[in-house]
Amino acid sequence: MNILILALIFVVGYLFIQSFAAKISVENLKTLKKLFLFHILFGIYFCFFVQGDAIGYWKQAKLMSYTDFIYSLTQDQGTYFIFALNYYPSNVLDLSYFTGTMLYSLIGFIGLAYFYVMAVELIPNDPKYKEYYLFPLLFFLPNLHFWSCGVGKDTLLFFCIAIFIYGLIQPIKRMPMIVLGLALSYFIRPHITLFMLLGFGIAYFSGRNISLVQRVLFFGVMIAIAIAIVPKVLEFAKIEEASLDSFDKFSQEKGALLSRSHTGSSVDISSYPFPLKVFTFLYRPFFFDINGIPALLASFENLLLLILSFSVLKNKPLQTFKSAPFVIQGMVYFLIIGTLAFSQTLGNLGIIIRMRNMFLPGLIIYIFWHFSYRQSLESEA
């Protein structure tokens, strides 16, 4: 069974790439195939050399009874919901952890491919920084693959965010993708669902070239859903009430918990000023945080993102943002909301990278848009 499923994973991956043949060029199809192999290699590395809580998600599901499965599926969010999702492949089909990792790697790649196709469709010119082409180079950033190939929440959320955003480009035609992205993310991390609703609701309401009726209707639906799930988000985060004092208390307690030495690569963020907390979330680990090869690679990656972000910020970023399609604006709002929320609570570099990976595609695509847009203005001048 394991060999059959592994073969199917590669067949499905290839067929999925070919499904975009009418939308993107042959060269982009070849790049997607390279990204698929690149992603699978990260999955293999993750399976044998990282594991972490991913192997627990798989092995625990293998030990579950049918009663445990029903309870986890209907009563719990987060970790137990992942156990329930893994129950059939791990327990019923008795697939190995390696096969499970490859299955999740395929899911993560599907999300990555949707982000790639969005970049192709939304970015009119090949973006360049100085003389270097940024596309598709930034899609090969290691952490973009590393945290979207393992068994667990991070890979599934990466997929959810991708299909939700891709669905919004043609919302009527792709409504099932929007619903699936929201529903699945709600059962994994409901606060991420809330961030998506708020970010893209604001972007659609403030977007240009959209009728007022459409904007009000879409924004109203998004905000209504967001308000409806707030109690569940508070319950999931174990915040007693939606007040400023409660959120401040939660941030302090969570930050202290995740800054303790037993959490691994810890960073004491409790005394950091707000700008430094934001920097920590977006651009660390940096070279002064290196404690191994993964941190070294992440430092080079973050240096590149920092250089590109600085270049964006010093060259009329608001003008570029206002001219962007509403989907790209939504990605930026989603990034801002996530950064404001997580930068106040996360003090472990490993957790920071994992959480940031959900927002990284939005940052990358906005960087693409910025340089492409500025190049267009320069060529017209």
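The backbone N, Cα and C atoms fix where each Cβ goes, glycine too.
What you are looking at is a predicted structure, and each value in this text was computed from that prediction instead of being measured.
Taken straight from TrEMBL:
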type	residues	note
TRANSMEM	37-58	transmembrane segment
TRANSMEM	95-117	transmembrane segment
TRANSMEM	132-149	transmembrane segment
TRANSMEM	156-172	transmembrane segment
TRANSMEM	178-204	transmembrane segment
TRANSMEM	216-234	transmembrane segment
TRANSMEM	292-313	transmembrane segment
TRANSMEM	325-343	transmembrane segment
TRANSMEM	349-369	transmembrane segment
So, taking each listed stretch (95-117, 156-172, 292-313, 349-369) in turn and counting its Cβ pairs to the transmembrane segment (325-343) that are under 8 angstroms, which one gives the highest count? 349-369
Taking a Cβ cut-off under 8 Å, which residues six or more beyond the ends of the transmembrane segment (349-369) line up next to it in the same chain? 112, 115, 118-119, 122-123, 127, 134-135, 138-139, 141, 143-144, 147-148, 154, 157-158, 161-162, 192, 258, 263-267, 280-282, 284-285, 289, 295, 298, 305, 308-309, 312, 320-321, 324, 328, 331-332, 334-335, 338-339, 342
Top stretch by Cβ pairs under 8 Å to the transmembrane segment (156-172) (candidates 37-58, 132-149, 178-204, 292-313) is 178-204
So which residues does the transmembrane segment (216-234) touch in its own chain, when a touch means Cβ under 8 Å and the partner is 6 or more beyond its ends? 77, 171, 182, 186, 190-191, 193-194, 197-198, 200-202, 204-205, 240-242
With Cβ-Cβ distances below 8 Å as the criterion, list the same-chain residues six or more beyond the ends of the transmembrane segment (37-58) that contact it, or say none. 13, 79, 82-83, 86, 90, 97-98, 100-102, 104-105, 108-109, 112, 140, 142, 145-146, 148-152
